[in-house]
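Participant: Quick one: structure below, then a few questions.
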Amino acid sequence: MRGIILAGGSGTRLHPLTIGVSKQLLPVYDKPLVYYPLSTLIMAGIRDILVITTPADAPAFRRLLGDGSDFGVNLSYAAQNEPEGLAQAFLIGADHIGNDTVALALGDNIFYGPGLGTSLRRFEHVSGGAIFAYWVANPSAYGVVEFDADGKAVSLEEKPKTPKSHYAVPGLYFYDNTVIDIARSLKKSARGEYEITEVNQIYLNRGQLSVEVLARGTAWLDTGTFDSLLDASDFVRTIELRQGLKVGAPEEIAWRAGFIDDDQLATRAKELLKSGYGHYLLQLLDRE
C-alpha cells in the first residue's frame, strides 16, 4: 500500500497565520501538524509516502521531513499548483500509487486512540474503498454519512445544510487501485473541486464501500480553525503531561514498528536534545 499526505491548500480560514507558512507546518503543542498524519500512516504500516504541498511550501516540508529516513519511510514530494479538491490527490499521485492500493491522510487531521495501528493495518489489501464515521456536534462542516436501521451506509453528502446524521467522515481514506480511474472520471463540483465525497459515492453505488464507525475513546481532531487548532494542542498537551508519553511522535512509532532500529533512534534523538524531544526518544531506549 502507498500513502499520500495532502498538505496543500491555502489555509484561508487560518489567515493571517497561514499567509507566510503552510497550515500543516503550524505547531500542535510540541510538534508540527504534519507529524500527526505521518504518524497515522506509519501506524498503518505504510512505508512509501507522497507528500503533496503547494509549490511555495515544498522547500519547508523537505527541510522538515527530508527523504523520510529519520522515520524509516521513503518520502517523495509533489506540487498541488491550485487547490482543486481532495480527490485531486489521486490525479497528482497516480504515478506514485502505480498498481498498488492507497491510503490518503489529510495533513490537518489528527487521530488518537487505543489499538489504532492494529486497526488500520487491516486495510493494506483493501478491496473497494474503506472510510470511517465519527459522531460530531456540527456535521454541516464535514462530509456526512447516513446509516440505515441495520447500520449500513446508505448516503453521503458534502457539507450539507440539513445533515441526515451526525456522522462525519474523517480525513483518512483507504482505496484499491480503481480510485485512480474514478478520480479521472470526476467533474468539478459547484465549488470548483474534485470532491472526495463523490469518489466515496461511486464506491457506495457499486456496493464496494466499507464505512466503519470509529470506536468510542478514539479522538479525531480537525485543525482547520483557530479554536480547533488550539483545542488540538490542549488535547495533546494534556495527554503528554498526564502520561509522560508522546502523541504522534513518528520516530517512536517507526521504532516500535521496526522501521528504524535502536541506533537510528538514538542518532535522531541526539539531533533534538535541546528541546527535550530528543531526551524523550532516548528514554524510550532506556525503558524498553
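Heads up, the Cβ atoms here are built off N, Cα and C, so glycines get one too.
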Participant: To which of ASP48, ASP100, ASP108, ASP148 does Swiss-Prot also attribute binding of dTTP at the site defined by GLY8, GLY11, THR12, ARG13, LYS23, GLN24, GLN80, GLY85?
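Facilitator: Only hit among ASP48, ASP100, ASP108, ASP148 in Swiss-Prot's dTTP site, alongside GLY8, GLY11, THR12, ARG13, LYS23, GLN24, GLN80, GLY85: ASP108.
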Participant: Taking the Cβ of GLU158 (dTDP-alpha-D-glucose binding site) as the centre, how many other Cβ atoms fall within a 10 Å radius?
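Facilitator: Other Cβ atoms found within 10 Å: 19.
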Participant: Among the binding-site residues GLY85, GLU158, ASP222, whose Cα is within 10 A of the Cα of ASP108 (dTTP binding site)?
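Facilitator: Among GLY85, GLU158, ASP222, the ones whose Cα sits within 10 Å of that of ASP108 (dTTP binding site) are ASP222.
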Participant: When you tally the Cβ atoms that lie within 10 Å of each candidate's Cβ, which of the binding-site residues (GLY8, GLY85) has the highest tally?
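Facilitator: Per the Cβ count within 10 Å, the most buried is GLY8.
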Participant: Would you say which of the binding-site residues THR12, GLN24, GLN80, ASN109 has the most Cβ atoms within 10 Å of its own Cβ?
Facilitator: GLN24
